[in-house]
Every structure is written in structure tokens, then in C-alpha cells.
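TrEMBL annotations:
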| type | residues | note |
| --- | --- | --- |
| COMPBIAS | 1-13 | compositional bias 'Polar residues' |
| DOMAIN | 34-182 | domain 'Casparian strip membrane protein' |
| REGION | 1-24 | region 'Disordered' |
| TRANSMEM | 37-55 | transmembrane segment |
| TRANSMEM | 83-109 | transmembrane segment |
| TRANSMEM | 118-148 | transmembrane segment |
| TRANSMEM | 168-195 | transmembrane segment |
Amino acid sequence: MASVTPPHSTISVKSPEPDYKGSTGTGDVKNHVVVDVALRVMLFATSLIGIIVMVTSKQTKLIPVAPGMALPMAAEFNQSPAFIYYVVALSVACLYSIISSVLSVLVLLKPKGSSTRLLFHFLILDAFLLGIMASATGAAGAVAYLGYKGNAHTRWNEVCNMYDSFCSHIAGSVTISLLPSIALLLLIWLSVLVLSKKIMR
């Protein structure tokens, strides 16, 4: 009995589907690690410099207290709670930068690529530390401004006309503290960028 061939025989060819999962390339991981560690080293270096400049700001001046009488009075950073908070915040930033740099090198260089959980933790901690640094810099900057300008309404006199070296150290340290904040902001941006690429895959 002769076999009948169907009039419309079709051959289905399965076209290869595009790979949307993707994989984290070794080059991308290394680039991310290099930038991450470089920013954390910048965070450590600038925070350490800010601490050193602040704690070495002591200055002693002879202040007249009566006609023909002057007493030596010292100006130090630990006389202001705002400056103490500022130094503590920079110290935390230094310690955090060391720990996070080590974790970046040990964990993010795994064969499977960067750890999403670690990046998420970095994102939270970096944002938390950025808030601390911003508040500490603002507090120290406010006190430094009063030292330079005073406040005529409350009759707070400026002191930087007498303690010029002390105020120069304070101003330099507060200015340097903007760099750790910028480094933290860039670290947050980097983590968000990498996490967004992982979500899109």
C-alpha cells in the first residue's frame, strides 16, 4: 500500500534564542573591583588626613584678662562637641574603608562574579556612612563659621582673629572632609549601577 505524502510538509527549524541571562564577565568584575577599591582607598586617605589636621589644631595664646595681666589659654578640638563628633565620624570612615576594601578584594573577585548580597550591603552601609559624614561636616562647619564670623545677634564674638592657626587647621580639615563624602557618593552610584545591570539581565 503506497504511502501518501502530506501536501504541505513543513520542516520546523528552531532558531537559537538570544541569551538574556548573560554572565558577569571577568573584565567587568575586575573593572568594578578596581574602581571600588580605589574609591575606598581615597575614602581612607582623605579621612585620615582630615583627622590628623583636626587633632593637630591646638594653639595657645596669651589672652588679656585684666590691665597688665594675660593668661595662656589653649584652643583644642576636644573643647567642642561638634569637633569631637566630626573626628569620631572620620575615624569610623577610616575603619570602614579598611574593612570594606578587604571584603571587596576577597569576595568580589570570586569566579562567579561579584556578590549581589555584598553589593546590597555595601550600598546600605555607604549610604548610612554618607549621612553621618554629611551631618558631622555640617556641624563642624557651623562651629568653624561662628569662629570666623561670630554672631552679632547673640553677641558671640569671633575667635579666629586670635587663634588664627587653630582656625586654619579647622577650616582645612572641614574642607578635606568633603572628599570622603564625594567618595561615598561615588561608591553608592557604582553599587546602584552594578545592581541595576544585574536586575536587567
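If you go along the chain as it appears here, the first residue is 1 and each next one adds 1.
Placement of Cβ uses the backbone N, Cα and C atoms for every residue, glycine included.
Only residues 6 or more beyond the boundaries of the transmembrane segment (118-148), in the same chain, are considered here, and those with a CB under 8 A from a CB of the stretch are 80, 82-83, 85-86, 88-90, 92-93, 96, 100, 103-104, 107-108, 156, 158-160, 163, 167, 170-171, 173-174, 177-178, 180-181, 184-185, 187-188, 191-192, 194-195. Mapped onto DSSP helix, strand and coil, the domain 'Casparian strip membrane protein' (34-182) counts 104 helix, 17 strand, 28 coil.
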